[in-house]
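As annotated by Swiss-Prot, Fe-coproporphyrin III binding site applies to Ser52, Tyr121. Here Swiss-Prot flags His178, Glu267 as Fe(2+) binding site, drawing on sequence analysis.
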Amino acid sequence: MTSFDALLVAGFGGPESMAEVPDFLQRVSGGHIPPDRLAEVEHHYARFGGVSPVNAQHRALAAALGEALVARGIDVPIANANRHSMPYMDQALADLQSRGIRRVLTLVPTPYASYSGCRAYREELLAGTRIDDEGRPALQVVKLDPYADLPALVTAQVQLLRAALADHPDAHLVFTTHSIPTAMAETSGPHGNAYIPQHLALIDAVMAELAALGLRPSWELAYQSRSGSPRTPWLEPDINDVITRLAGEGVRDVICSPIGFLTDHMEVVWDLDTEAAATAAEHSMAFTRVATVGTLPVFIEGLADLIVAALSTKPGTGPDAPAARHWCTPDCCPNARIAGRPTIPGFAAGPR
């Protein structure tokens, strides 16, 4: 018996043909990204036939989680939804409602706290939930809290890096994550400034496990994929600037680990595999991009355990309920454009 009737895997979304690219970019930009930047990104998609890898990888993630849950004796419907491409949030929620679903647990494949990576999904999930005849949401929808502290995420990263370091033992390790506006980073999490520390805590745990294996590469954190107005401060340094600096310091081999992404996005296959790799080549540096954790079995098993704990916990109860954990509060990760926009609640699945 579970406290939820379905699991929704809600992602950013991406186009799956060139015909979908213009509408997708307009939805993403919302009029806040300069036209020249949009044209540049459209060119990136054209290089890949207009197809982002992210939707297929999120479908694979959902399928792998479904198998892992069934192996644990839990068989609930699992659906996919996206913020910026089909199936949209409201479509997926309406479909679940039509199937008699009433309580939905949502997993967003972004483990860190920020407006763009957490609250924006909570806002859109509420906006996409139909209202019944009595003026109440027809579905009870909650979103699993950020899970950057999931031990399986550390183990998966160590597994990937151990293999890369075996081939490149003298490489300098650069962890990357999505740059966000500095103001967004400063207001991330219930008490602010959670975004960067969550990454650093994950890196510290990864490096400790690598050290236990006798691997002690030098490392740093860099950012990638900034967009928006150039007048708005975003997190730095950029991965390409880091590579250029490292070349000047005599570094000849770089391993890039995109810990900010659980699956491949266009930001991974273009910004890293294409642009960052080209920057390294310009400086005659070896460049290795570590895979995203995706459906790596050790990660799926750990994530499935977290979801089982959530599916088995009644919302609002238990020693680690949202109110007790003080995470994903109504005011955290605020919307800088629409103050106070309502959201669905976050949901804590128990101590990890």
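Glycine residues also receive a Cβ, built from the backbone N, Cα and C atoms like all the rest.
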Packing count at Tyr121 (Fe-coproporphyrin III binding site) (other Cβ atoms within 10 Å of its Cβ): 23
Packing count at His178 (Fe(2+) binding site) (other Cβ atoms within 10 Å of its Cβ): 24
Cα separation, Tyr121 (Fe-coproporphyrin III binding site) to Glu267 (Fe(2+) binding site) (Å, whole number): 19
Secondary structure at Tyr121 (Fe-coproporphyrin III binding site), reduced by DSSP to three states: helix
Cβ neighbour count within 10 Å of Glu267 (Fe(2+) binding site): 22
